[in-house]
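Here is the structure we will look at.
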Amino acid sequence: MANSPHGGILKDLHARDAPIHNELKEEALTLQSVVLTERQLCDLELIMNGGFSPLEGFMNEQDYKSVVDTLRLADGALFPMPITLDISRENVEKLNIVPGSRLALRDPRDDEALAIITVDDVYQPDKVKEAIEVMGADDPAHPAVAYLRNSVKDFYIGGKVQAIQAPIYFDYVSLRYTPAELRALFEKLSWRKVVAFQTRNPMHRAHRELTVRAARQRQANVLIHPVVGLTKPGDVDHYTRVRVYEAIMAKYPNGMGQLALLPLAMRMAGPREAVWHAIIRKNFGATHFIVGRDHAGPGKNSQGKDFYGPYDAQDLVTKYNDELQIEMVPFQQMTYLPSSDEYQPVDEVPKGVQTLDISGTELRKRLRTGAAIPDWFSYDAVVKTLRASYPPRDKQGFVLFLTGLHNSGKDTIGKALQTVLNQQGTRSVSLLLGDTIRHELSSELSFTKEGRAEHIHRIAFVAAELARSGAAVICAPIAPHEDSREHAKDYILQNAGSGGNFFLIHVATPLEHCEATDRKGMYAKARSGEITGFPGVDDVYEVPSRANLTVDVTTQTVPEVVHAIMLLLETSSLL
């Protein structure tokens with residue numbers, strides 16, 4: 001028998017609203033619409049299918065503030081993560097959104113109406129407080145904080161939703177189970193105890209041994225429940241990971257395991273995320289949940305320290321154990337014993353017994369260089385899948401993002417780099433000059449901060465598409481604003497696959513030199529007021545705080561600059 005849902009009732013809005021499906025679909029045609037972001041789409045799907053029970057919509061201000069402050073909804077129910085529908089001030093005014101408004105929520109991929117929200121309230125969140133309380137720090141090194149700063153709009157809409165239809169998928173359809181479907185499967189298979197395993201990474205032999213051991217100790221079955229929504233920028237893409245999961249499922253004892261995909265947008269919020277993950281798995285019917293060491297941790301903060309302690313997540317789940325009603329299984333670090341050809345928990349290995357391990361860093365290095373990956377670490381089918389998706393570094397694409405003032409020399413450097421990389425002949429090389437791209441793709445955009453941000457986003461989109469195909473991409477816009485450069489970096493890391501190798505080059509040629517040698521007279525036009533919004537004159541140029549390389553054509557020749565950039569690529573094993 002599957003575990004009871006969080007709150008006692010599975011909030012399956014599809015089943016609830018099925019009798020009025022046709023009326024809702026017709027009404028949606030008459031309503032103003034909000035096109036969802038990718039994260040909002042993931043959240044809505046899990047609201048509608050009951051994965052976020054007891055939620056029935058996006059949090060209003062009262063619930064939001066309560067969750068941020070206390071990890072509880074306003075009615076006292078445990079729920080650690082704010083689930084919000086953000087919207088811009090412009091859209092609030094344009095769509096005349098007020099309490100009582102009904103809005104159609106549309107899929108960004110095909111514009112289908114998925115649900116209707118009845119607005120409770122429109123409110124402005126304290127993003128700094130949200131970052132500190134939920135993620136533990138207002139630190140842009142945290143991916144969720146960076147997302148909050150750069151992508152989340154100024155206002156939140158709260159309100160319950162009515163389900164019209166689930167998002168349509170064309171990939172791995174047979175592995176996409178709703179909570180009701182997974183619960184029915186457990187009942188059909190007579191699974192009374194289910195250990196759920198959360199992952200956003202490929203699985204190897206140690207993960208298989210860990211989950212099998214956890215299941216056998218509890219006389220349970222295993223649910224491999226990987227996230228296929230938004231994860232951490234730079235993670236292995238979900239297509240590759242699912243192929244890995246499918247390969248490793250064949251290594252489980254017959255009938256022990258089940259693979260199901262979870263369309264979750266992770267926040268990487270460590271302890272709070274672990275409690276959230278436990279609630280979600282409880283809603284999907286699991287009775288046990290494996291909580292890892294540094295569960296859902298995003299890595300290092302701006303000071304080079306881990307955001308969370310290694311056992312903070314386990315401690316917080318333990319604190320709420322009575323309310324969660326899903327048994328936590330602490331992650332046991334598994335290590336390989338060559339003498340007996342088996343994996344054992346690290347703390348159970350007798351002193352003096354030889355052990356072998358390969359870290360994630362070492363694995364990536366071996367994939368990059370083509371070095372052997374031993375059978376004791378992973379399975380041939382898994383390694384073959386990873387090698388197909390992640391070629392050696394010298395075959396991967398990359399993006400060189402040159403930023404600097406007008407006439408700083410970045411265009412000349414970009415053209416020189418294109419020539420040098422073409423000479424090597426190992427990749428196709430694309431040069432995206434700011435003025436060229438603006439003429440071809442962004443001619444209708446203004447030179448306001450918003451217009452420039454959209455221009456940089458378009459450059460990032462093109463660069464990611466090219467880099468994913470293995471190209472060397474050189475971008476050379478002015479890109480005067482730090483947040484748009486960071487957004488471009490995040491977009492490329494997340495969308496360029498194995499080509500998500502991003503290098504920010506600050507061409508720091510002083511304004512005085514740029515203006516004195518400006519043969520086009522652009523600075524003179526800006527000084528006279530003929531043109532406005534010109535970086536260095538009447539618009540700020542924000543100096544990059546995290547450039548991979550800083551160069552200056554007043555102290556270096558262009559060949560010297562190009563050589564320094566090529567050395568940067570060489571050091572990164574991309575040449």
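Sequential numbering from 1, following the chain as shown.
A Cβ is built for glycine as well, from the same backbone N, Cα and C atoms used for every other residue.
The region 'N-terminal' annotation in TrEMBL covers 1-170.
Per TrEMBL, the feature domain 'ATP-sulfurylase PUA-like' maps to 4-165.
Feature annotation from TrEMBL assigns domain 'Sulphate adenylyltransferase catalytic' to 174-388.
Residues within less than 8 Å, Cβ to Cβ, of Thr199 (active site) and separated from it by at least 6 positions along the same chain comprise His207, Ile224, His225, Pro226, Val227. Look at TrEMBL and you will find Gln198, Thr199, Arg200, Asn201, Gly292, Arg293, Asp294, His295, Met334 tagged as ATP binding site.
The sulfate binding site annotation in TrEMBL covers Gln198, Arg200, Ala296.
Positions annotated as active site by TrEMBL: Thr199 (among others).
As annotated by TrEMBL, active site applies to Arg200 (among others). Taking all protein chains in view, 20 other C-beta atoms sit within 10 angstroms of the C-beta of Arg200 (ATP binding site).
Residues near Asn201 (active site) in space but far in sequence (CB under 8 A, at least 6 apart, same chain), listed by position: Asp235, Val236, Arg241, Gly360. Residues or ranges marked as active site in TrEMBL: Asn201 (among others).
Counting every protein chain shown, 12 other Cβ atoms lie within 10 Å of the Cβ of Asp435 (3'-phosphoadenylyl sulfate binding site). Sequence annotations record features per position, and here TrEMBL assigns 3'-phosphoadenylyl sulfate binding site to Asp435, Thr436, Ile437, Arg438, Lys520.
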Binding-site residues (Ala296, Met334, Ile437), the one with most neighbouring Cβ atoms at 10 Å: Ala296
PLDDT averaged over the residues of the region 'N-terminal' (1-170): 97
Number of Cβ atoms other than its own within 10 Å, given for Arg438 (3'-phosphoadenylyl sulfate binding site): 20
Nearest recorded site to Arg438 (3'-phosphoadenylyl sulfate binding site) by CA-CA distance, among binding-site residues Gln198, Arg200, Met334: Arg200
Recorded ATP binding residues, Gln198, Thr199, Arg200, Asn201, Gly292, Arg293, Asp294, His295, Met334 - maximal Cα separation rounded to whole Å: 18
